[in-house]
């Protein structure tokens with residue numbers, strides 16, 4: 001039945017696509033505007049590729065709400081990666097001006113904004129609005145700051161890793177505020193608005209969602225087998241929940257492979273968040289532009305699949321012998337975004353860190369490296385040495401006990417044969433006849 005449905009959908013999509021292309025070719029007059037025709041041709045090529053991918057691409061680990069949904073985002077990942085590579089091969093000026101084809105308002109330098117100038121929560125000198133500093137810092141990006149950590153928690157499914165990413169990103173903002181002006185924030189904006197309110201509340205909501213999903217009973221019933229209208233609506237709503245639930249147990253200290261994998265995951269998450277700010281800076285994208293929101297929606301959809309593929313690759317390498325396709329694309333996209341930032345503004349990235357900042361990061365790196373060497377090399381060598389020594393002592397003790405056992409039970413020499421002595425009569429025994 002499943003094969004028949006897939007085959008029918010494939011033919012249906014092919015028929016509709018052919019009809020649309022035939023209509024455009026035979027019945028629609030081609031405009032004389034070269035720029036318009038170029039845009040329309042690129043969009044049509046992308047749509048044809050998406051139709052092919054949705055019907056023919058390989059399924060991933062997720063099947064709800066429908067496998068075609070996740071195949072669609074896989075193909076969007078390919079299109080986005082190709083777009084980034086195209087931008088990477090342009091000059092800086094051409095790359096920025098190319099975005100005007102997407103939105104004519106782009107390609108204009110951004111005005112500088114300093115978030116750390118006045119850090120007073122209550123400004124008594126401003127009679128009309130004494131809390132204007134708070135309202136300025138809770139601008140259009142505030143909903144994004146709340147949705148991001150919650151979605152991140154649903155991807156990672158671990159409170160400690162999400163908290164580490166949240167705190168480390170604030171340290172990165174402190175460290176890089178000499179490069180990007182919008183990293184210069186007030187202390188209460190860093191630790192109260194970001195870590196406690198936005199990130200903390202987002203992680204809490206994400207963990208509660210994970211708890212509900214882990215306790216939920218996954219027993220599915222066909223929609224037409226449910227008698228009540230309320231039950232049918234509930235079944236439709238639950239179609240957007242997972243088909244089954246897998247709890248992630250990262251166990252970073254269990255082996256060197258898992259430790260390096262967890263560190264790599266944290267670094268990729270931090271790099272993806274930094275790319276958000278640096279891409280806006282080098283490509284002149286306003287924070288409130290819809291492309292920034294579309295990038296967030298994109299990573300929310302592909303990040304969960306990528307994390308599941310990474311976890312399967314780590315947890316069962318015998319069954320999953322290669323990295324999943326979505327995880328591969330997310331890693332490639334993150335690396336390509338970084339290369340665009342490096343090419344488009346190398347001067348900003350090469351601004352040296354302040355001395356005390358570099359000292360702090362050097363000390364932290366040395367501590368992490370020292371703990372890694374001790375945990376996975378020196379500690380294991382020490383434990384193996386102690387275990388070998390204990391086994392040798394145990395073996396010596398066992399040999400000593402065996403020798404003592406043999407010495408205490410030596411066989412007595414046999415007497416030469418002679419006349420048998422009469423046995424003594426037992427007391428009360430009858431006399432022989």
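Heads up, the Cβ atoms here are built off N, Cα and C, so glycines get one too.
Feature transmembrane segment, per TrEMBL, maps to range 6-26 of the set 6-26, 90-110.
Transmembrane segment is the annotation TrEMBL gives to one range among 327-344, 381-398, 399-416, and that range is 327-344. Contact check: the transmembrane segment (290-307) against the transmembrane segment (69-89) gives at least three Cβ pairs closer than 8 Å, residues 6 or more apart, which meets the contact criterion.
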